[in-house]
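Working notes, structure below.
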Amino acid sequence: MASASDTVSAGSGARTAAERKGVVTRFAPSPTGYLHIGGARTALFNWLFARHHGGTYLLRIEDTDRARSTEPAIAAIFDGLNWLGLGGDEEPVFQFARSDRHAEVAHKLLAAGHAYRCYLSQEELAARRAAAQAERRPFRIESEWRDADPATWPEGQPWVVRIKAPRDGATTIDDLVQGPITVQNAEIDDYVILRSDGTPTYMLAVVVDDHDMGVTHVIRGDDHINNAFRQLVIIRAMQAIEGEDGEAGWEDPAYAHIPLIHGADGAKLSKRHGALGVDAYRDELGLLPEAVFNYLLRLGWGHGDAEIISREQAVEWFEIGDVGKGAARFDLKKLLNFNGHYIREAEDARLAGLVADRLGGLDGTGLALLAKAMPVLKVRAADLLELAAGARFLFAQRPLALDEKAAGLLTDEARALLGAMAERLAAEEWAAEALEAALKAMAEERGLGLGKLAQPLRAALTGTTTSPGIFDVLVLLGRDESLARIADQAAMAA
Ligand code: GLU
């Protein structure tokens, strides 16, 4: 059984709760699925709050549900958090590995009379619940074992440990987001903290881990508000036995329950609203982490009318009290707008690296060309998919396969024009200004608009009808490749 109650991680670099100073927050996902957008935002607010106060941000994997917790989910959560720059400051804590310590606390509460052995069977409980339902009265467990004399404990029968919740008075939580919330203690039941097989319940595990990790601020979804009142029962009972058995530092944490995220239509967020795992935002939507970070930040929190906010600025400005009380609305379009902004801001070499993966990998020359093209590509793209699509022409193999629209442009007349353009351009210095001047002169001589020349030229050079400016395209492709691509199409004239 774990004896050093304040050591929570097996990682060699782990500090003890006592060594950590100031604010300690934690993100505590249950690894039963991917890291979803709501979880990522909870992580972000925990991270920001800790950073703003110069504190520590910890991760805890709540893997006590053995049937539903999976390794791939754990990996996806770390992956998503690292991508967003929200990895923990220390080795993560795995909750299941700490079961002995959780049970230890249950036994201490039992020994001190703050919890009791309850011999009520599942059948009895079900019968009582059904009776309450039939009489239309609320069901609350009132166990006759709460104050039973140990002499009456039935021998050889299974028992659970229930916490003794106070029956009188009320409990108030001064929630940092929701404000003060009061619950009558009579509404809090004597819930199970240790099952009949000796394993701890989730409610107990959370409280013990938060204490042992030295968590000062519990920031989580507002679906956990009711749990806070129940969890406080254990915390207050432990406060009463502090000093015994080496237990120390059992303080009420501060709570901040943040509203859930809803879809743009106000309904609970679902896949239909574009609520995907964080990995899908990266892989399928081609978003940059800083865009998702900025968007999540603005989801339910604001600073004046600032929209584009850097990490540093966010850390400086973040106040948990500024988180809105109402449900935040998820807006995929706005997220994509943020992404377009961050793509334009991003370094060309970095974008080239990200896009290269989507083009199936590039060698050094290819990467350099892609980086060189990035300034004209990135102004036209809202995500990495569009960026990759826009860059594809650079690496297309001759003769180019034309898309339908581009092929439609290449009439016999247009192909003949391509032949003439090739001749004219071949005589020029291969620079944007010179090429532009030459083509303009040619258009004028023929009494044509510049578009009449530029359109077939774009079709021949890129195989499409949308691309960066045609002179940029000519320069990026270079003289030989450009002239060869034009010649390929001109030669097909009837
Ligand atoms: N594991 C819980 C969840 O994923 C969070 C518990 C907590 O933050 O206290 O909803």
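Backbone N, Cα and C define each Cβ position, glycine as well.
Those TrEMBL annotations? Automatic predictions, nothing curated.
Under the heading ATP binding site, TrEMBL lists Lys271. Long-range neighbours of Lys271 (ATP binding site) (same chain, six or more residues apart, CB within less than 8 Å of its CB): none.
Annotated domain 'Glutamyl/glutaminyl-tRNA synthetase class Ib catalytic' per TrEMBL: 23-335, in sequence order.
The average per-residue pLDDT of the prediction over the domain 'Aminoacyl-tRNA synthetase class I anticodon-binding' (366-488) is 96, rounded to a whole number. Residues or ranges marked as domain 'Aminoacyl-tRNA synthetase class I anticodon-binding' by TrEMBL: 366-488.
Residues annotated as motif ''HIGH' region' in TrEMBL: 29-39. Residues 61-63, 65, 68-70, 73-74, 76-77, 79-81, 221, 260-261, 269, 275-281, 296, 330 of the same chain lie 6 or more positions beyond the ends of the motif ''HIGH' region' (29-39) yet place their CB under 8 Å from a CB of it.
Helix, strand and coil counts under DSSP for the motif ''KMSKS' region' (268-272) come to 2 helix, 1 strand, 2 coil. Per TrEMBL, motif ''KMSKS' region' is recorded for 268-272.
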